[in-house]
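Undergrad: Right, I'll just put the structure down here and ask away after.
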Amino acid sequence: MFKIFNDVPVPYGLYFQDSATPTFDGIIELHDIVMFYIVVTIVLVSYLLFVIIKNFSNDHISYKYLTHGTTLEIVWTIFPVVILLFIAFPSFILLYLCDEVIDPAMTIKAIASQWYWTYEYSDFIGETGEIVQFDSYIVPTDMLENGQLRMLDVDARIVVPTNTHLRFIVTSRDVIHDFALPSLGIKCDATPGRLNQVSALLQRESVYYGQCSELCGVLHSSMPIALEAVSIDKFLSWLDEQ
């Protein structure tokens, strides 16, 4: 049976794109945990407000003699602290895992410019003796082919193998940009004069889309990112063509 994955933005979408990496699995899980605590807190606070309004709306005298309540003050101090601890611990663990890059099998350097991306496969040397690199520009609307996505497809995609530890090194030639691929759980600033890194392990073959997520000028929306994850054999065949 085939399973359809949502790897692109959809109109009126209210949830995340489908996950393709363990990192994004963790982000979605943390989101669901935090949302659970938020719903519990909202329900509890709403119930308390309802009870207070109901009990004191017709009695204008009794609450005037409530000068303090030590037990109540302890409860409303400890309860938020406990909730914050339950949120903090998994978020700290996930933050560490997202930031740690251990022994990547392949490195891709993403260089942002106004308004396109340059990708360098520094681990591979082409037939000319230079590293494999290429520029990636948006496909104009009037040049789109059937099946291509407006404002998302590019003339040259990043191609990577699945089930391989990848490291993306991100930087910029001019202003601050941002390298973001939602389905991979990646969002990394591209800052001039600085190298930032982020890792990914793609678990399935597909085409993933992202965009520059930092306002970088008049054509900010014309800096899409398209990444195609393929099998090792297909990746090696693609690499031979470069």
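Every residue, even glycine, has its Cβ placed from backbone N, Cα and C.
Remember, it's a predicted structure, so these values are computed and weren't measured experimentally.
Swiss-Prot lists these features:
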- HIS177, CYS212, CYS216, MET223: Cu cation A1 binding site (BINDING)
- CYS212, GLU214, CYS216, HIS220: Cu cation A2 binding site (BINDING)
- GLU214: Mg(2+) binding site (BINDING)
- 7-33: topological domain 'Mitochondrial intermembrane' (TOPO_DOM)
- 56-73: topological domain 'Mitochondrial matrix' (TOPO_DOM)
- 99-242: topological domain 'Mitochondrial intermembrane' (TOPO_DOM)
- 34-55: transmembrane segment (TRANSMEM)
- 74-98: transmembrane segment (TRANSMEM)
Undergrad: So which residues does the transmembrane segment (74-98) touch in its own chain, when a touch means Cβ under 8 Å and the partner is 6 or more beyond its ends?
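TA: Contacts of the transmembrane segment (74-98) (Cβ under 8 Å, skipping residues fewer than 6 from its ends): 23, 26-27, 29-30, 33-34, 37, 41, 185, 198.
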Undergrad: Whole-number Å only: compute the distance from the Cα of HIS220 (Cu cation A2 binding site) to the Cα of CYS212 (Cu cation A1 binding site).
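TA: Pair distance, Cα basis, whole Å: 7 Å.
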Undergrad: Cβ under 8 Å, sequence separation of at least 6 from the ends of the topological domain 'Mitochondrial intermembrane' (7-33): give me the contacting residues as numbers and ranges.
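TA: Same-chain residues near the topological domain 'Mitochondrial intermembrane' (7-33) but 6 or more away: 86-87, 90-91, 94, 97-98, 149, 152, 182-186, 199-204, 206-209, 229.
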Undergrad: Taking the mean position of the Cβ atoms of HIS177, CYS212, CYS216, MET223 as the Cu cation A1 site, which residues outside that list, in the same chain, have a Cβ no more than 8 Å away, listed in sequence order?
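TA: Going along the sequence, the neighbours come out as ALA112, GLN114, TRP115, ASP178, ALA190, GLN211, SER213, GLU214, GLY217, HIS220.
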Undergrad: With an 8 Å cut-off on Cβ distance to the CYS212, GLU214, CYS216, HIS220 Cβ center, who else from the chain surrounds the Cu cation A2 site?
TA: ALA112, TRP115, VAL175, ILE176, HIS177, ASP178, SER213, LEU215, GLY217, MET223
Undergrad: Run through the Cβ atoms and count how many others sit within 10 Å of the one on HIS177 (Cu cation A1 binding site).
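TA: So the Cβ neighbour count for HIS177 (Cu cation A1 binding site) comes to 30.
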Undergrad: Three-state secondary structure of HIS177 (Cu cation A1 binding site) from DSSP?
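TA: Note: HIS177 (Cu cation A1 binding site) is in a strand by DSSP.
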Undergrad: Take every residue in the topological domain 'Mitochondrial matrix' (56-73), average their pLDDT values, and give the whole-number result.
TA: 72
Undergrad: Three states by DSSP: which one describes CYS212 (Cu cation A1 binding site)?
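TA: The residue in question, CYS212 (Cu cation A1 binding site), is strand (DSSP, three-state).
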Undergrad: Please determine which of the binding-site residues listed here (CYS212, CYS216, MET223) has the lowest count of neighbouring CB atoms within 10 Å.
TA: CYS216
Undergrad: Roughly how many Å separate the Cα of MET223 (Cu cation A1 binding site) from that of GLU214 (Cu cation A2 binding site), to the nearest whole number?
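TA: Cα-Cα distance, MET223 (Cu cation A1 binding site) to GLU214 (Cu cation A2 binding site): 10 Å.
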Undergrad: For the topological domain 'Mitochondrial intermembrane' (7-33), how many residues does DSSP put in helix, in strand and in coil?
TA: 12 helix, 0 strand, 15 coil
